[in-house]
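Encoded as structure tokens, the structure appears first; notes follow it.
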Amino acid sequence: MNMIQNILRVILGSKFERDLKKLVPIVGQINSLEKEMKETSDSLLSSQTQKFRERIARGESLDSILPEAFATVREVSLRTMGMRHFDVQMMGGIALHRGNIAEMKTGEGKTLTSTLAVYLNSLAGKGVHVVTVNDYLAKRDANWMKPIYDFLGISVGVIQHDMDHEQRKIAYSADITYGTNNEFGFDYLRDNMVSHKDHKVQRSHFFAIVDEVDSILIDEARTPLIISGSSDETTDKYVRINKIIPKLVAIEDFEVDEKARNVLLSEKGVSHVEEILGIENLYAPENVDLVHHVHQALKAHKIFQKDVDYVVQNGEVIIVDEFTGRLMAGRRYSDGLHQALEAKESVTIAKESQTLASITFQNYFRMYDKLAGMTGTADTEAEEFRKIYDLDVIVIPPNVSVRRKDSPDRVYRTEKEKFDAILAEIRELQSKKQPVLVGTISIEKSEILSKMLSSAGIQHNVLNAKFHEREAEIVANAGKPGAVTIATNMAGRGTDIVLGGAQLYKENLETWKDDDDLVRRFKESILKQELDNAELLIREMDSSVKQKRASEILESVKIWKKNHEDVLVAGGLHILGTERHEARRIDNQLRGRSGRQGDPGSSRFYLSLQDDLMRIFGSDRISGLMKWANMPEGQEIESKMVSNAIARAQKRVEGHNFDIRKHLLEYDDVMNRQRIVIYKMRNEVLENEDISSLILSFIEEAVENQIVAHCEGNNPSSWNLDSLKEWLEGLELNLEINEEDFKKTKNPQLALFEKVNAAAKQKYEDRAESIGKDIWKLLERNIFLDILDHRWKEHLYSMDHLREGIWTVGYSERNPLVEYKLQGFRMFDVAIENLKNEVVNFLFRVEVSENSKLPEERREYKKVGQEVTGGFQELSSGTPSPTVTVTTSSGGGTERKTSRRRKR
């Protein structure tokens, strides 16, 4: 296979070369328009948007106007922000517009690149979503690029976590909407829980650009978005189960699989658990929940580590994002795992949750007509992007060649030897004033290293989840001469480290609102680094206040420039990795913090055979080699065999994680098909004021099912008419049925069906007439939605339990996924049938009181249930719905009550 690929590469060129050949001619067309755009007045340039929209309305495609639209954005960006898109950014914009992932290195200007495709696609008028990893970046990027969009008459909205319904609706109605993957996903789920179509906030899913696409579509794809409500189950079981875990013996009672992050009970362990709990059979059907909780408690104790996977703060277990190192306050693991951790840490245990709505990021983002993404590191996951999302990765060349020097890994036998070598390296770097960014993969390791540096008298900053509020300040100082910064996972940080430290003078210039000619020229001189000219302009200023402020800015620039030059001489920012991450691209993201925009830089990773990656996935041969070589303590090894073993280990982990994500998707695809049916049915009810045809089809189906169940065949003598009459009485439908009436008919069963169906339909129409058409229409829609939501909630609960226990079929050599599909679809069919029957039964019995009025539509917005992101939860309140006073017959009497959408 490799030989064939090599031959094709020689004949056709590499994929990178082929991709560039397609992009270069279009960039040429854009560049040919630059002179014309420069000569265009502001008013004519801003009117381009209207002209483009008129051309699209006449049938012209977005592709045909791309060169002009991109050239327009480039010129507007230059006029409003002083930033001109490079040719490589044009290539990135084309790749995004075509629905690809643009891989662009750190510092290449992905945010500015996105404006090209965002503007072009916004012209279609269907809304463009720009997806970021956190609220801060969504707001920052929207505000940063807003001058371009404002000039062109394009509206911009930003979704933030604490926004209410009206604010969200306004943001989504804009041409461009910035927000996080979580907010977009949860808004979609909430839109499918509303009681009126006007309560929805999202429009169509037309085009989305996902920033840090690998972080969102790969790293966060293993766990779903869930909206949940609290369960009625007690928390006592978690305390009870937690007490037995310390009594179990490793290897004897259970085996820890670190590769799969799982714990397996042995047969002896099962017997031991049964003995401690005083039960006969742990795997009896009534103990399915017990098995699940024992398993989760074992994982909590043996897999999940404090200060690595979570921290305990103020009596709460708070999750640490494994990819960004940030605390995820308010988020909870699902499936009882968070409660197991709370029991382990002896803090207050919250009640377990019940799923009300859920979707994976894979299935959410696959809904978009066109999807694109940006990142600095996607090529290593190209296969997964192609197979799961049908996205091609286009590698965009850097505007300036990368000058960073990446040195080979240094490998040591023990972690202590590795840390000693790291300490010596940091000392040497600091002595020559070279800033160093030290990357760790956990809070625990960052704190160990911090203590070592403090003991050695080395000043440093620590950036991990515990110091999250100081992130901006720490990153701003990380590029100063001799700065030492320890960071836990730099993925999704979204901030560049500037050599010499942050250019604080730029912020000072922006906040200086004086706009006379001298001040304006002074600002231009500072930005162009023409410091001598800036000094002359200060002397010409007519105000001592202005002179003082300008002098302070100039001094700030001189200090930064000196620091910048010192760092350049020292070799730029040095990246020191203390451990390899499971995924190669996370290592590449850390490396990518250095050498931005042609800056000098360097990187090296320090490893030990005791690192998790090497210990769990590495080869025993490496350890054997080092022992055989009788290496002295502290001696490093640099060898091709070791490097290859590390690469193989990372590929194995990446493959394993891909399988987990694929496995999750296969299970969610079962739910997704069912979700599509339910949401489609729900939307039909929301979109149509009159759903009588749907209800009549339910009535017909209910009648048919009852006749098939009680009156099978064409022999009236064998029919169970008493059961059929009992069902009809339940619907308050008094219908004379005698078997003699049907014996002489050609098709007795069909005749019976036609008679009962006609009577049922007439009863339905009579009720609508007597109650009043307007109230009846509203009533049946509200009742339908109430029952639909209730049945869907119960079905999700059943599916959760099915999935928890489905793995046991593996013991009988059946495929758990196949069984899950079969049983899941059977359960779904039953749920749909129950839904239809319940709607019919309720509508035939409900009565509206004389004094009831048409309910007013409520437009207030409240979050429903709890949001669970990536298996993490957030508590919120229920949404009230319109009320109608009704009377429901029950046996011989009546019961007056208020029909209100049930709180979940």
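Cβ coordinates come from backbone N, Cα and C, glycine included.
Here the structure is a predicted model, which means the values were calculated and not measured.
Here Swiss-Prot has G107, E108, G109, K110, T111, D496 binding ATP, and the candidate from Q89, Q503 in that same listed site is Q89. Taking the Cβ of T111 (ATP binding site) as reference, residues of its chain lying under 8 Å away and at least six apart in sequence are, in sequence order, D141, W144, M145, D211. The Cβ centroid of Q89, G107, E108, G109, K110, T111, D496 marks the ATP site; residues of that chain outside this set whose Cβ lies within 8 Å of it are M104, T106, L112, T113, given in sequence order.
In the three-state DSSP scheme, D496 (ATP binding site) falls into the coil class.
Largest Cα-to-Cα span within the ATP-binding set Q89, G107, E108, G109, K110, T111, D496: 18 Å. By the criterion of other Cβ atoms within 10 Å of the residue's own Cβ, the least surrounded of the binding-site residues G107, G109 is G109. In the three-state DSSP classification, E108 (ATP binding site) falls within coil.
Listed binding-site residues: E108, D496; maximum Cβ neighbour count within 10 Å falls on E108. Around K110 (ATP binding site), a 10 Å sphere centred on its CB holds 24 further CB atoms from the protein chains shown. Around Q89 (ATP binding site), the same-chain residues at least 6 positions away in sequence with a Cβ under 8 Å from its Cβ are E108, G109, L112, T113, L116, N399. DSSP assigns Q89 (ATP binding site) to a helix in the three-state reduction.
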